[in-house]
Amino acid sequence: MCGIVGATSERRVSGILLEGLKRLEYRGYDSAGIAVIDKSQHLQTIKRTGKVQALADAIDETPVDGTIGIAHTRWATHGGVTERNAHPHLSEHEIAVVHNGIIENHETLREQLQALGYEFVSQTDTEVIAHLIHHERKTHNDLLDALKAAVRQLEGAYGTVVMDTKDPERLVVARSGSPLVIGVGIGENFVASDQLALLPVTRKFIYLEEGDVADINRSDIKIYDSANEAVEREVIDSDVNYDAGGKGQYRHFMLKEIHEQPIAVRNALEGRLSETTVLDDAFGEGAADLFKTIEHVQIIACGTSYHAGMVAKYWLESMANISCNVEIASEFRYRQSFVRPNSLLVTISQSGETADTLAALRLSKEMGYRGSLTICNVATSSMVRESDLAFMTRAGAEIGVASTKAFTTQLTGLLMLTVAIGKYRGMNEQQQAAIVKALQTLPAKLEEAVELDTEIEALAPDFASKDHSLFLGRGNQYPIAMEGALKLKEISYIHAEAYAAGELKHGPLALIDEEMPVIVVAPNNELLEKLKSNVEEVRARGGIMYVFSDKNARFTSDDTMNVLNVCHCDEVIAPIVYTIPLQLLSYYVAIIKGTDVDQPRNLAKSVTVE
Ligand code: G6P
């Protein structure tokens, strides 16, 4: 979603800010802007719609020159994609502000500020912050005090960084609901919405907590908590490795990340299995004590992570002998749900910052859950910090907006969770050992699945001219069909819908004709015969099918059916293995359609607003 970078240094900061924006661009990217304070204490601002490169080109033509500055990539919420609506937003050419999040009472504040004579030039909620600070500055001698007074009036979520030409050595920042991290340099300091933005300039980071405000200059950082007490926050040495240009031999990050899945899953398994079971420690200290006491699992997530949760429900109920509900976070947080006794709340999130999922986690603390666990890819994220337990998926930085390796490593973690909980609920040693054995084969099976690359590329032209498609699966492959459909629509913009194959006759069969390709996920499992009946229902109505299946399932290609053989694998890991051909299919269809694969239109990697 939106990205923030700020820097105060002895050197020119525009290069640092631009590099930071490029590294954040994958999160949200309809426009970008930069503001610096120059030697004569004036604000120099440039904004552009489109990619960060457009901003970089503009700065090449008209360089901005300052040793303190802020910059932003925007993903529009309030107001269209225009230069006026891009950040930074200014007040009276003195105050400059960048902001992530949503100010919910912006309309009231706007009216109040207009009554005070402030003129608004954008349609954004952010502009109220700039004018509010400018207004508060009149009655507060100090910029930080003005910021504190302003944020007391804000409702909603914000991570914001502010500069003032009258106090040109300082960045003042506030966090409530949108993450901010301070980068500690030598004789220079930085701030960003994600440490990835700052890795070229520092490895030392301070994570602000909810309600913190901070005062940052070149040589000093002061932090105040929500009670306005000065606090020391730990400086963390980051070991994250991120090479912004790192597509390697691949044309897109997404393809690279698809191919990285065998290794990502190997990393996710590393050191977490014994010969016969899953080690409780994989989920953090105290996991065993918590798992012993729980009688129900409630999973909350969004998007692809929600699909991982849906697969986990099949696993947990069938193998760990525990009831499990899965819910989309934006629904869960706004309804009154019934909390079963001794429930474990599990959030699943690649980023650990998704606003709805994080809000659901926070809400659960007042609802009587026994404990919380997050399955997450970012160790420093809010969800990891705020959950009782965490399973780190170790997928490595995922840059493509469409999630791939984050998903398969989440599934790997959730299958391990099934054993970790199941062993306290009657899963016997042989059953545990059988799942462990299947997990150990997973990286090699994923390697085989990735090798289908060229075969799948050959299927892609059949889809590229279509407007719609239908994905079918049964059992734990139904969520995989949903994930396949999500991938296709995200990056190829083809309408794709997934159905549990048994539901076909209750409506979607009416859609079947030769213009509606039907993708069937059909591993050789106990539901195969049922699925074959569904396949016949489609065939009888002239549908064209693409069946992803195991050789032993005995589907044969003909005029109406294209069969793609996926490697034979243990049934329990089949949802993870069958994900890969569907990812590859959407990728190659998107290539033919010429879409922006890594940064599809209108989408963001990490959705930190509701
Ligand atoms: C966005 C991304 C999706 C992701 C979802 C949830 O919509 O584009 O790829 O699945 O957010 O994100 P999370 O970080 O919570 O897994």
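Every residue gets a Cβ built from N, Cα and C, even glycine.
Features as listed in TrEMBL:
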type	residues	note
DOMAIN	2-219	domain 'Glutamine amidotransferase type-2'
ACT_SITE	Cys2	active site, nucleophile
DOMAIN	287-427	domain 'SIS'
DOMAIN	459-600	domain 'SIS'
ACT_SITE	Lys605	active site, for Fru-6P isomerization activity
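Secondary structure of the domain 'SIS' (459-600) per DSSP (helix as H, G, I; strand as E, B; remaining residues coil): 72 helix, 30 strand, 40 coil.
The Cβ neighbour count for Lys605 (active site, for Fru-6P isomerization activity), using a 10 Å radius and every protein chain shown, is 26. Of all Cβ atoms in the protein chains displayed, 29 besides its own lie within 10 Å of the Cβ of the residue listed as 'active site, nucleophile'. Across the domain 'SIS' (287-427), the DSSP tally of helix, strand and coil residues reads 61 helix, 29 strand, 51 coil. Separation of the C-alpha atoms of Lys605 (active site, for Fru-6P isomerization activity) and Cys2 (active site, nucleophile): 10 Å, rounded to the nearest whole number. According to DSSP, Lys605 (active site, for Fru-6P isomerization activity) is assigned to coil rather than to any helix or strand.
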